[in-house]
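Enquirer: Below is a structure I'd like to ask you about.
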Amino acid sequence: KMSSGAADLRQRKKQNDPDSDKMATDESNKENSKLGKSPKYVLVQRFAKLFFGCLAAVTSGMMYAVYLSTYHERKFWFSSRQELEREITFQGDSAIYYSFYKELLKAPSFERGVYELTHNNRTVSLKTINAFQQMTLYPELIASVLYQASGSEEVIEPVYFYIGIVFGLQGIYVTALFVTSWVMSGTWLAGMVTVAWFIINRTDTTRIDYSIPSRENWALPYFACQVAALTGYLKKNLNCSAEKFCYLLVSASTYTFMMMWEYSHYLLFIQAVSLFLLDSFALAQTEKVHEVYKIYLLSIFSGYLLQFENSALLVSPLLSLVGALMLSKCLQMNMRKGTFMSRLLKIMYIYLVLTVTVTLNFLLKMFIPHKENEHLLKFLEVKLGLNTTKNFTMNWLLCQESLQAPSQDFFLRLTQSSLLPFYILVLIICLFSVTQVIFRRMCGEPLKETVKLEDGRIGERPEIVYHVIHTILLGSLAMCLEGMKYLWTPYVCMLAAFGVCSPELWMTLFKWLRLKAVHPILLALILSMAVPTIIGFSLWKEFFPRIMTELSELQEFYDPDTVELMTWIKRQAPVAAVFAGSPQLMGVIKLCTGWMVSSLPTYNDDDLLKRNENIYQIYSKRSAEDIYKILTSYKANFLIIEDSICNEVGPVRGCRVKDLLDIANGHVVCEEGDSYAYSKHGRFCHEIKMNYSPYVNYFTRVYWNRSYFVYRINTVISFQS
């Protein structure tokens, strides 16, 4: 490392020393008296700025929550639908999450509801699952407790209460982004621009439109709060009370984020890498960074206990990295300063940490039993071209849009809203400034305790450097996986808004250009107000009418075939029946009817992934006997064929479910670059509709409509020609 821990400790003591705080206050009072401003006037000015800024932040969050609620009502006509029609709007894994929320509300007591979900044997046939551990159901637990404890049963329906909490969290998300850009730039005008860009680019900043109960919609608002608090915590010259408040907020939000999303530790790992690089280049106080590492450790072990000894947290890269950083710190502290080994350790610090991290993670995985996301590692191997596979699940994941590289439309949308050009401009200026600061540190020049506007050194502010590194890391992932754009784009909005509203950034640019015709400080102040104002007016003129049109337009989401299917199941199917079909449909059946299913739309359990692959064989070229054996092995009583999958005409040939099954089953022969399908059996989902032997021997059609064909799986097989 480029600076000693002793220097950082002296700097920290100096900041926390009440005498130094008093001296700083005295100096500030002297400066204000020189400008003709009394301390009382300055206090009133600061209070007014804080009050109106907080008011604007809270108002922005509330208006965004109202906007989401209004848009959702216009899209689904929610208030005029029956309960069954409302529940059908929850698709795939969202349906499963909401079904467990319903079960918690129906339970005779809180303890009984928790027990039934931790020992759940009424969801998946022949399998008892711990739903809390399997699907991270703390959001549903909290929502059900709040609903019953607040006495809302007679005031609001459960579904409105549930989606209302999620929309409220999205409002907190926007407020946290507002505050982050405000803290970084010093003006709440940056917060307003952040919110405007976030809403305009809503297609790329959030998935709330498509999947309300998804874990990320519950978790990311807490992560945004953590980032806002961390931004304040990393600032220089922070008074003791503000530092303690930020520290407590970082602690609480980190822990809550960890409990809300099973993949949260991966995002925290990226954040930890950002802090590690920030500390390695001696651009932040080492003590503060290591305090954040301690928060990570506490959150991991608390999460491990409360998530029913979830071993995935113990083998996570986050724990390995933090452990390596703590070990490296101990080596530095116990080594005599100025010796050859201490100098060598500084030079090799980054290499040492990376080596220890990989070694520690390998050892943890060796000694701790775990099954956490092994399919993710296999997926990464195939995605990076290190391996090839014919496995159905792997190829199906590779074909998902969220796991593809982002399309050109994504960059075009960001450019049309002027977000991407300003982000690139701000990022380039900050990167060059940070590079200059790192070079100065290598030459032995210390950091300034207080960076003034006229210095033009925005790269010396640790919170700015952290956000630059963080967005670069998230952006690198977003360039590979489109689904990562929902993590990256909100912080693009925030960083770009901070930059255009920050006089320091413009001053840094003018310092390089060496302006002489115009006073650079005056020009920086003017541009920090004029540029965001122009951006705001242009966005208002171009996009505000579109947003109002969205809210006034009555859209229609109605699926009569699915409604008819669910109605038939509730009226005609035996209570003990088990249904088999695509995992996405099984989630809806579980929610709308409560009947047991043979598979679930989850991708974090190897057994359920194997079940999904086996059940999908109903769309392959397998014999009736093979399909019958697969279905009866899971005690299924009814089979549902979806016409949309059986006759799928996908935009990308080779990514349809039936194509992937043919590849996995070896029913595709490749010759001279062309592929030919070959099997002695026809496609099952087509052949079963013909009602001839041997299909009628194993299956009896009991219901059908335009989209679905339901077959009873015969218990007694009659072999007739």
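Placed from the backbone N, Cα and C atoms, the Cβ positions cover glycine too.
TrEMBL labels come from automatic prediction, so no person has curated them.
Okay, these came from TrEMBL:
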type: COMPBIAS; residues: 14-34; note: compositional bias 'Basic and acidic residues'
type: REGION; residues: 1-35; note: region 'Disordered'
type: TRANSMEM; residues: 50-71; note: transmembrane segment
type: TRANSMEM; residues: 182-200; note: transmembrane segment
type: TRANSMEM; residues: 266-284; note: transmembrane segment
type: TRANSMEM; residues: 304-327; note: transmembrane segment
type: TRANSMEM; residues: 348-368; note: transmembrane segment
type: TRANSMEM; residues: 420-443; note: transmembrane segment
type: TRANSMEM; residues: 487-509; note: transmembrane segment
type: TRANSMEM; residues: 521-540; note: transmembrane segment
Enquirer: With pairs closer than 6 in sequence left out, are the transmembrane segment (266-284) and the transmembrane segment (521-540) joined by 3 or more CB pairs under 8 Å?
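Expert: Stretch pair does not touch.
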Enquirer: Mind checking which residues reach the transmembrane segment (50-71)? Cβ under 8 Å, same chain, six or more beyond either end.
Expert: 163-164, 167-168, 170-175, 178-179, 182, 188, 191-192, 195, 198-199, 208-209, 547, 550-551
Enquirer: Under 8 angstroms, Cβ to Cβ: which one of 182-200, 266-284, 420-443 has the largest number of such pairs with the transmembrane segment (348-368)?
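Expert: Stretch with the highest Cβ contact count: 266-284.
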Enquirer: Where else in the chain does the transmembrane segment (182-200) make close Cβ contacts, counting only residues six or more beyond its ends and a cut-off under 8 Å?
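Expert: For the transmembrane segment (182-200), the list is 49, 52-53, 56-57, 60, 64, 67, 174, 228, 231-232, 235, 417, 419, 463-464, 467, 490, 493-494, 496-502, 528-529, 532, 535-536, 539-540, 543, 547.
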